Amino acid sequence: MSEANVTFSDAEAIDFHAKGRPGKIEIKASKPMATQRDLALAYSPGVAVPVEAIAADPGRAYELTAKGNLVAVISNGSAILGLGNLGALASKPVMEGKAVLFKRFADVDSIDLELDTEDPEAFINAVALMGPSFGGINLEDIGAPDCFIIEQALKERMNIPVFHDDQHGTAIITAAGLINAAHLTGREMGDMKVVINGAGAAAIACSDLIKAMGVKHDNVIMCDRSGVIHKDRDDLDQWKSAQAVETDLRTLEDALKGADVFLGLSAGNVLNGDMIKHMAKDPIIFAMANPTPEIAPPEAKKARPDAIVATGRSDYPNQVNNVLGFPFIFRGALDARATAVNEEMKIAAAQALAELAREAVPEEVAAAYGGSAKSFGPDYIIPAPFDPRLIEVVPAAVARAAEETGVAQKPIEDYDAYRSQLRARLNPASSVLTLAYEAARRNPKRVLFAEGEEENVLRAAIAFKEGGYGTPVLVGRDTTYDRLKALGVEDPESYKVLNSRNSPLVQKAVDFIYQRHQRGGMLRRQVERMVNQDRNYFTAAMLALGEGDAMITGTTRPFSQSLAQVRTVIDDDTGGDPFGINIVATGSQTVLIADTSVTERPTAEQLAAIAIRSAAFARRMGVEPRVAFISYTTFGNPPGHHIDHLRDAVKVLDRMTTDFEYEGEMGPDVALNHEAQRKYYPFSRLSGPANILIMPGLQSANLSSKLLKAIGGENVLGPYLMGMSLPVQIAPMTASSGDLVTLAVLASGGADALRRNAAAKEAAAQVG
Ligand SMILES: NC(=O)C1=CN([C@@H]2O[C@H](COP(=O)(O)OP(=O)(O)OC[C@H]3O[C@@H](n4cnc5c(N)ncnc54)[C@H](OP(=O)(O)O)[C@@H]3O)[C@@H](O)[C@H]2O)C=CC1
Ligand SMILES: CC(=O)C(=O)O
Ligand SMILES: [Mg+2]
């Protein structure tokens, strides 16, 4: 795509979809399938038991099958985004995309179905017959007017929620944005003059919903390709007719004169600066066509600096896109086992979204927006999709409205408990990575790549730069430019390369390191050799001297060697020795393991300090810390040796004021199983399964995290190096270029984290 704000090429978009397993989804078994017995239970003969149970009582399908958490995303490709009717097959990438968004944002399982027909009757019959399979039906990218006919018929024929996302999802988010934009510009719904461009699925639903919220019918002028939809037109179908008004206005341009609001649900680039010049003061402009908005925000802002501008895209402020709605709306509807998504549930969702945007923005979300700047205002009228509060707030509002309007077959019994369950559904590790990437993009830093001649490092640096996450500074020879070129970079000169042999900075690096070690027995010549021969010394000195904001290394040397070299140049942070932390993120649990990298036989004091800093790290990820000191024994059972340091670490923490739960020593089987804690060790102070495992030594920590990584693959992240006074990350030698990009992103966020972690550092410092 050749647009200014897009940070990927067409080739990358193709590559993203093609690499590995083609497409974006796969299906995983949720039960073990390892033994003969498993198979006998999962399939014949065991499966006969649930079959008969469901035949006798259909409601049991929700307990015994995946139905209750399964939504079909169904399209015929007749209105794919704003790209038009490109057919069922071409719509598959979008539908797979919606399915993964369901999973990512609301833990709803979803499957895409593309139906190859433009005949509404055939479509309706096909979908209606699939009712038993699903808990809900999300219709997507079906053009008007067929979408109205299809949705209406399916609602009548099916007893599960049927929701055309382009209509209602879009309308809900638009309404939420409009409530807040009206609030900011001092407007009342009843007085607002609105122009809607587009008269299809999304436009008509938006018009209907904002009218239900108080905008007057005669104050909404809708345009299609033929201009204003007025009463004298004789080419209108019943749906457009219902939108027609008595007016002399004939063109979009005329209609916009004096209008308060423009809602674009049509096609890219159909609006220009001149056309919005004569809108009312502080105009509200939502250019929501995808992927290209009706007008690009910079152009809109240039013509109308007083405007509040939103688009459907994630790369401009104010993303008004139905992704903010459908995952959370279905979550609430499924959990309440609603038979429909009715008007009240839609309005509840819109209000919940609007209110959320007005609340103080949590720190991790603010960081993703580049600091504290993000608070309710013209550039933040609606929460961002990765806001971790959405999963708690919107489904609960929807479920409650379902209950109040009598469509909930299984009302929520305890809303506090429900909110906790909702929170637990999201994988905090993937949230934190999303936030870290977003934070890097908004607050790009210079990251020094020490091994700038390695191909996977160069690939990572290219992806880091092209992703807009920051500026790579490559430490390498002059041939680095040729290597970049060979990897397809058109303008290698735009990369900064520091040559550790002939850069004028070499002398500065030598001075700096010599200064630190001259009284420790190091000769200047020795330092010169170190700097010349080893990039880690040079790069760490560049970081210390401010030639970069963060550093990444590790792919060409063992971890311990890289760390020793870096520590020669850069101080440890106060609060204990550096340590490594791995994140194990399974669907339902996120567990941190430390110290996986540095201290072979930690003392009780070191273990306590690691626990304190790991707890602070967990909090930053949105995880409420519960620390277990891990052993092969649990509270002395079986009796063992070499466990005193674990018990003493608990005592060290007992003597301090801490703000997190900890317990030990205990085996991982007990630490991760709260039932077992309650049953066998009722005195345990943990209120749930542990999520931070402080290991007894490097052997067990390192090998268990590597084992998990080898088996669990992408679910095991890290190790991340904690506890240096400047942001340094040391990759494992096996790191892929993708791993390196993530580490670079985390390293560049490290400076802010170091600042935020000050309190934990102080506490940890008290230990020793
Ligand atoms: N941000 C968001 O969350 C969402 C955005 N959208 C966007 O809204 C747009 C419409 O989608 P949808 O309603 O599903 O599709 P439909 O096919 O149902 O409707 C398209 C409408 O756009 C109108 N249109 C197309 N080109 C122009 C133009 N140049 N000037 C005026 N009107 C035009 C068509 O007019 P006519 O009737 O004369 O053919 C038609 O009324 C797409 O760009 C889509 O990406 C949709 C859903 C969600
Ligand atoms: C966002 C969306 O659903 C669309 O543009 O069609
Ligand atoms: Mg759509």
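From the backbone N, Cα and C atoms, a Cβ is placed for every residue, glycine too.
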Divalent metal cation binding, same site as Glu140, Asp141, Asn290 - TrEMBL member from Asp166, Asp260, Asp315: Asp166
Gly87 (NADP(+) binding site) versus recorded positions Lys98, Glu140, Asp166, Asn290 - nearest by Cα: Glu140
Leu81 (NADP(+) binding site) versus Asp166 (divalent metal cation binding site) - Cα distance in angstrom: 9
Pairwise Cα distance for Lys98 (active site, proton acceptor)/Glu140 (divalent metal cation binding site) [Å, integer]: 9
Nonlocal residues around Asp141 (divalent metal cation binding site), in sequence order (Cβ under 8 Å, 6 or more apart): Ser75, Gly77, Ser78, Ala79, Ile80, Leu81, Ser91, Val94, Met95, Asp166
Secondary structure content of the domain 'Malic enzyme N-terminal' (22-155), with strand meaning DSSP E or B: 67 helix, 18 strand, 49 coil
Sorted by sequence, non-Ile80, Leu81, Gly82, Leu83, Gly84, Asn85, Leu86, Gly87 residues with Cβ within 8 Å of centre, NADP(+): Gly77, Ser78, Ala79, Ala90, Ser91, Asp141
Contacting binding-site residues for ligand 3, chosen from Gly82, Asp141, Asn290 when the Cβ sits under 6 angstroms of any of its atoms: Asp141
For the binding-site residues Ile80, Leu86, the one whose C-beta sees the most other C-beta atoms within 10 angstroms: Ile80
Distance-selected recorded positions near ligand 2 (C-beta under 6 Å), from Leu81, Leu83, Asn85, Lys98, Asp166, Asn290: Leu81, Asp166, Asn290
Non-site residues, in chain order, whose CB comes within 8 A of the mean position of the CB atoms of Glu140, Asp141, Asp166, Asn290 at divalent metal cation: Ser75, Ala79, Ile80, Leu81, Val94, Asp165, Ala201, Ala202, Asn322
